[in-house]
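Here's the structure, in structure tokens; my notes come after.
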Amino acid sequence: MLSLFYQRISTYIKLSASSLLSILPLYRPFQRRRLTMPSNEGSISSSSTTRPKDVLVVGGSYSGLAAALNLLDLCQGRSCRFAGALDPEISEPAEMRERVPVQITIVDERDGYFHLIGTPLAFASEEYALSAWRKFADIPALQTPAIKFIQGSVTRVDCERKISTIKEAGTNNEISQKYDYLVASSGLRRTWPSAPQSLNKDKYLEEVGEHIAKIKMANGGVVVIGGGAVGIEMASELKEMHPDLRVTLIHSRAKLLSSEPLPDEFRDRALELLHETGVETILGSRVIRTTQTELNGAATPSYTLSLTDGRTIKAGYVINAISKYSPTTAYLPSSVLDKEGYVKVNSALNFTDEVPNAKYHFAAGDLALWSGIKRAGRAMHHGHYVGMNIYQQLLNERFGTKPKFSEMAHAPPSMAVAVGKNTVAYGTEQGVVSGEEIAKIFFEDDLGFGICWRYLKLGEAPK
């Protein structure tokens, strides 16, 4: 599911806000509308006695962390950490960087940041899995009194009173917490193996260990069901990490990635790269039944898969990678949700006016009802804009300045899929590109973990 970067990338794509964020499979996704903001000269200066504004961020993944950290940068008088992605002429001018006291609370069901893009590799390599999950308490960028973390889930939001109800993990104690601004960035509920189901690192490592143990015992090979991005990446990473393992991918449609609005050239190239990796494929036939054979003294289990075309396939382990997901928005008023549960937003990522105090409520990332294929790069871009827009409102409240909001542009479909050592990518301007060099640009050698970590500056302690 994405990426960002430095000198090596400028040789391939012009370094700009859009290209920087395209590195997490999307190309030139957004533009920023520039408005004029009056100078703050003569306004009331910051005071240490002013009550900090409380910002509640629901979800601590790509969009939530991007919103929290960019907002904190601005409120502490610095350029936001994503400002390097912007051309100098659209970066925040110095007069915008007034200090504003802020207290940010991040609520997440997990005890840490998990690099979701790397899920296929995490489920193939225990060594990689260990680094893909970082506890919030161990992330240097979050170690500041201005950021508080609660492991738990938000169960209700009262937009009119600006009060949330939070259920703490472990104790199930309910906390009533007031806020001045809310960022809904809790993402999508993904089924296994699109994401680990564990909520703390120790359990996650057990989950991964059990899965990889079954892979190693699969004498009859592994079958991956589903030819979307998750299935393709899962199958190819298994083959890369376990080259002697027979891996077969089964997809019910004639083309891979059949649910995405992408050109056939992209789908065909993904299939070619999958075959180059050594993965076998069966297309155009659906699995209608999976039967586990009795062990009868055998050391490893065996499975028989029956297909709609009459064939039967034997396997030592079966992975159902047909992605199922839904927005995690049950805590929000139904009036701001569409029929599928996505949050209705305007171009500044505010809730639409169906709820009271809409301008104090934002949605970012996969749960926001906005155009484009949902990707981590886009989620971080959402968070960036939300952070800047909250800061603009804080300046308005504190100094009376006219807000200069950053507005999202609608984005066409774009995607990059890692296929072993290669990557195939598509954008409306670039078309379909693929190869190992493309993989280095989009994912480096760790499915984008280092790229996202550096871009979010998670390893840098607060100044």
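From the backbone N, Cα and C atoms, a Cβ is placed for every residue, glycine too.
So that you can see what the record holds, here are the features copied from Swiss-Prot:
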- G59, G60, S61, Y62, S63, V154, D366: 6-hydroxy-FAD binding site (BINDING)
Next item on the list: Could you tell me which of these binding-site residues, S61, S63, has the greatest number of Cβ atoms within 10 Å of its own Cβ?
Entry: S63
Notebook entry, point to check: Which number gives the other C-beta atoms within 10 angstroms of the C-beta of V154 (6-hydroxy-FAD binding site), all protein chains shown included?
Noted result: 25
Item checked: Under 8 Å by Cβ from G59 (6-hydroxy-FAD binding site), counting only residues of that chain that are 6 or more apart -> I106, V107, D108, V183, A184, S185, S186, G187, T328, G365
Item checked: Largest CA-to-CA spread of 6-hydroxy-FAD binders G59, G60, S61, Y62, S63, V154, D366, angstrom -> 18
Margin query: Test of understanding: give the count of other CB atoms lying within 10 angstroms of the CB of Y62 (6-hydroxy-FAD binding site).
Written below: 32
Next item on the list: Work out the three-state DSSP category of G60 (6-hydroxy-FAD binding site).
Entry: coil
